[in-house]
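Taken straight from TrEMBL:
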| type | residues | note |
| --- | --- | --- |
| DOMAIN | 254-361 | domain 'Cadherin' |
| DOMAIN | 362-469 | domain 'Cadherin' |
| DOMAIN | 470-575 | domain 'Cadherin' |
| DOMAIN | 576-680 | domain 'Cadherin' |
| DOMAIN | 681-782 | domain 'Cadherin' |
| DOMAIN | 783-885 | domain 'Cadherin' |
| DOMAIN | 886-991 | domain 'Cadherin' |
| DOMAIN | 992-1093 | domain 'Cadherin' |
| DOMAIN | 1116-1216 | domain 'Cadherin' |
| SIGNAL | 1-19 | signal peptide |
Amino acid sequence: MGLQTKWLWLSFFLQVTLCGCFDLHISETLQAGTLVANLSLGPGWSYKIVRTLTPRYVSNFLKLGRNDGILTLSKKVPCARLQKNPAPLYFQITSLTSENFVLTHFNAYVHGQDCFIKYKRKNLTPDAFMSFGLEGWTSPCFTISDLLLDISKHVPVANRGFHSHHSVCLEKNVKPINKVSSGHDSGDICVHNKERRELDLFCNVRNSMNTEFFVRLKLRLRSKPKHGLFMDAAQEDLWTKRKKRNVNTAPQFQLPNYQVSVPENEPSGTRVITLKALDTDDGDAGKVDYDMEALFYSRSNDYFQINTETGSVTTLQPLDREVKDTHVFKVTATDSGVPKRSATAYLTITVSDTNDHSPVFEQSEYRVSIRENVEVGFEVMTIRATDGDAPSNANMVYKIVNEESLGGGFEIDPRNGLVKTTIRPDREIMSQYKLIVVANDQGRDPGPRSATATVHITVEDENDNYPQFTEKRYVVHVQENIPVNSQVALVKATDNDKGNNAKVHYSIISGNVRGQFYIHSPTGAIDVTSALDYETMREYTLRVKAQDGGRPPLINSTGLVVVQVVDVNDNAPMFVSTPFQASVLENVAIGYSVIHIQAIDGDSGSNAHLEYRLTDMQPGFPFTINNSTGWITVCVELDRETTEFYTFGVEARDHGVPVMSSSASVSVTVLDVNDNVPTFTQKVYSLKINEDAVVGTSVVTVMAIDRDVNSVVTYQISSGNTRNRFAIISQSGGGLISLALPLDYKQERQYVLTVTASDGTRQDTAQVFINVTDANTHRPVFQSANYQVLVSEDRPVGSTVVVISATDEDTGENSRITYVMEDNVPQFKIHPDTGAITTLTEIDYEDQASYTLAIIARDNGIPQKSDTTYVEIIVLDANDNAPQFVRDLYQGTVLEDAPVYTSVLQVSASDRDSGSNGRVSYTFQGGEDGDGDFFIEPYSGIIRTARKLDRENVPVYSLKAFAVDKGVPPLKAAVDVQISVQDINDNAPVFEKDELFIFVKENSPVGSTVARITATDPDEGTNSQILYQIVEGNVPEVFQLDIFSGDLIALTDLDYESKMEYVIVVQATSAPLVSRAIVHIRLLDINDNTPVLQNFEIIFNNYVTNKSNSFPLGVIGRVPAHDPDVSDKLLYTFVEGNELSLLLLDQATGELKLSRDLDNNRPLEATMQVSVTDGLHSISAQCTLRVTIISDAMLTSSITVRLENMSQERFLSPLLSLFARGVAAILSTGPDAVFIFNVQNDTDVAHAGATILNVTFSPCCPAALDTSSRPRSSRSACT
């Protein structure tokens, strides 16, 4: 219905509800060049983005076609760059033929895995502004339905689909003036005041799906005529076509794929997204119901639901990203038309992370041991915490929180959790460390979380402390009569180390010359092993060694023990001779020394201080004794006649406690004057005595003879009695020399005694040579009571370990020493003469780290005497054992998206060697570390990731690790480590090519599979499952793509002649990752069409002239046959009528030539039958040959008509006959009187792009011509 008005301007504002048709949904994964929307209003409009209203962070990613209104992506849209989601977009659409324009406002929703969309209800700000011209208004009233229909059709193509059902319009500030219902129009808008030039209207337009938008109309009057409400005359036919009602069309989603992100833990009922499928049908056919079905994970249906009417997707329960982070649905929109049509889209919901998981350490308590004195920076261990949240909420930072209370010592790398030493640990200062480590995930939503772990670090002892004696010098006083095996001293050394390193063993290394002391090795208690004799040795200085149990041991040899033997009164005085006899002349003076009483005491000090006294004295006793010197002197004048003979006793008494004494008898004869000298029978006596002769042994008897009568000869040793070893007594007239004290061969080997024989007044001397012979009186004594020697286990068999020696103070055979081992130790032997200890077999530190040999040194005296020493052989470890791994093969798994430094597994090896030889570190050096993808902690053996892994590149790593000891040279062992990388969905499907070409035979059965389109996904398992769909180009639906197999199914008949090629865009989805490919489906022609050939005419206009010979001898045209099957080859033949060969036909090409026989001035009309075949089908048609003779009169009366935008082909068929009839009608003649003899393209056209056809004709009838005198020319046309 036309509306007759003067010129009218129309302005209106457009407002739609939440998630209405003015929303754009864009996937983050779409590539540059992807079609986003079609904003076209048809031809005659230009398009641009209003950059003053559209934020730059959105407009930079979009490109709008200026002439076609196609909105595409200029590059991928990253969610991280969007300041708001959705983002506002403004477009201006301007008419090229008038001042009309449209300003629209869209909300652009960007979907992606990490995109967060904040839905909120829109305000009343207009989303569009339109301004149009209007004409043809003569009546004061027009219907609202026409107005609303025109408004709806001028919405951009991407947003059409609104209908005028249940819509209300009202004029500004007045009551509603019209209600438009479905199926009929009622009510007009009228302008009664001719002076009124504008009309303001507000319309609330609502369709059957309850979607609405708000319109404000401003009508301004102009007088310039137009042909419609909003359109130019050239658009009227198109407008009319748009108003035609189509059959039921399928709904259509804006996007084939939607991606949206929703936070986890949101309550049930949380809105996720509203999907909108547009259906341009009216009534029930345009009403859409929604349904969705979970793909891959059936339980996704328990988490989400879709409103069947609005398409709004909401949650059914709180989501947990750590349980399932991606849900994929197939969403179906089905209309209520007959038949029902549906559309499919795919919705990928990514559950975005909130920081709802605290970090979790691999262990709540870590325990590790380190050696003391390790270097600063020593890597103790790596502790690691994991967090089930996404990486943004699991960015771990480690910290030791009790570092100050520990006084330092350790630090932790805040990123990788590697604990290192900051000082050299000393176990003796601190043996245990307890680190409190906090891992903070640095999460932001809602805030950071942390966890705590305890690291117990035990400092293992190293033997770095020497034993220390508690005293620098131990001095003990021991009584000489102490019982054998009694403890005389206790030494003590302490070692600050621990365990065996602190166990101290003691030994006497010097000073124990007589072997009289023994030290208990574990306790340091010193016992006396044989009787002490102060008189023999008064002090012993023992050097004691303290040795710990470390490997190697540390020795302190500075211990000194001074054993001072305390004398006891254990020796009674002993007179040098007994009885004592003397004679004295009766005429000696008072004070005369009669005899020297002499006693000796083996003790010392007061114990050896003697006092003498006389006993058994009668009254008037003439003698007295000096109590200190023992000289008996005359104290009273003697009188032989009174008393001739005195017998009394003498006592020698010491000052010891208890007091000890001895007695002897003294006989003194008072003599007259004597004149004969006693004479020894021998002046020299020589004899031998064994040094072990017991005290009291008779040595020799000397004899002197006195010729005086009654003379009594007494004997005494006057000189040579060194150390008072001998005593002499008078016995049977002779002097018996006996052994008074023990002999010592080492001290004196010969004594020369001078013995005096006296009769009281006269005396004689003799010499006694006593040679002391050696006795086996000394046992061998080792130089050390304990030997310690170090020997490497790699010493060859027969090597000398140590040479020990003992000394014997005896001589001769008594001092010849033989060495033997007390117990047989098969690894060693000792040379009996030299004391050299050598190895008999190989020694192995790992079997036995030390040996203690008891070595006996025996002399060859009679009886044999011996000494025992202990040789401690400490075996030094040689690096003769390579490390050994606990397992032959280690296997582990790790996710390919595991963060760097993730712990995969731990290898462990041991080394039987000790110390640095047994200290093992781990390395990949010289092995295989996966091209640097892994590293191994050198001391813990933990294998960790060194960088991001890619299972699709390397699914399984075969590594080789080494355990290397610290020996010189180091030994190592290898072990194979197999690490399997577990897949995550990190690879989009990949088509073989970005552009695929498929060739399909036409007429393939409907429903048949015409091809299979497949993509590959390098992931595995469920991560490699692919969904296929057609996302572009399949309008109308010609093909269907099986969602799982990729089979391409024909839904309609495929006709090569109707369409040779289809171009569709297919998408492979492995949620949430997608890829696309352009597929060219090219139909292969089959011979299913008959050639097409209609009756045709050949018109030969022959102008005969004598001026030139212009008869056409070349090709004048071809038989106008064609075959819709382009692959067919046609064969042309004349069936009948051309027996005179007036036309020459090329059977392969169908080209025609005129026969030379037609070169005359006779008109002609001939009918012929032409057949055309493609080999399977054939057709025939009538060919009419007309030869017309053109006269000068006809040329003179000819008319040339210039036809614009016309070609020869269009004019000759089918317009030629129509043109002839039209001209004949104008000239009031018959069509046969119009002779068209020239149809030529005008070559003088000045303006580019124009096509002018010159048609020359004559209405005159042809006249008879004289063919002999007139020049000829010809024009011909073949239709």
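The backbone N, Cα and C atoms fix where each Cβ goes, glycine too.
By the Cβ criterion (under 8 Å, sequence separation of 6 or more), the domain 'Cadherin' (254-361) is not in contact with the domain 'Cadherin' (1116-1216), since fewer than 3 such pairs are found. By number of Cβ pairs under 8 Å, the domain 'Cadherin' (362-469) is matched best by 886-991 from the list 576-680, 681-782, 886-991, 992-1093, 1116-1216.
Across the domain 'Cadherin' (783-885), DSSP assigns 4 helix, 48 strand, 51 coil. By the Cβ criterion (distance under 8 Å, sequence gap of 6 or more), the domain 'Cadherin' (783-885) is not counted as touching the domain 'Cadherin' (992-1093), fewer than 3 such pairs being found. Per-residue pLDDT, averaged over the domain 'Cadherin' (362-469), rounds to 89. Using DSSP to sort the residues of the domain 'Cadherin' (576-680) gives these counts of helix, strand and coil: 4 helix, 46 strand, 55 coil. Across the domain 'Cadherin' (886-991), DSSP classifies residues as 4 helix, 52 strand, 50 coil. With DSSP states grouped into helix (H, G, I), strand (E, B) and coil, the domain 'Cadherin' (254-361) comes out at 9 helix, 51 strand, 48 coil.
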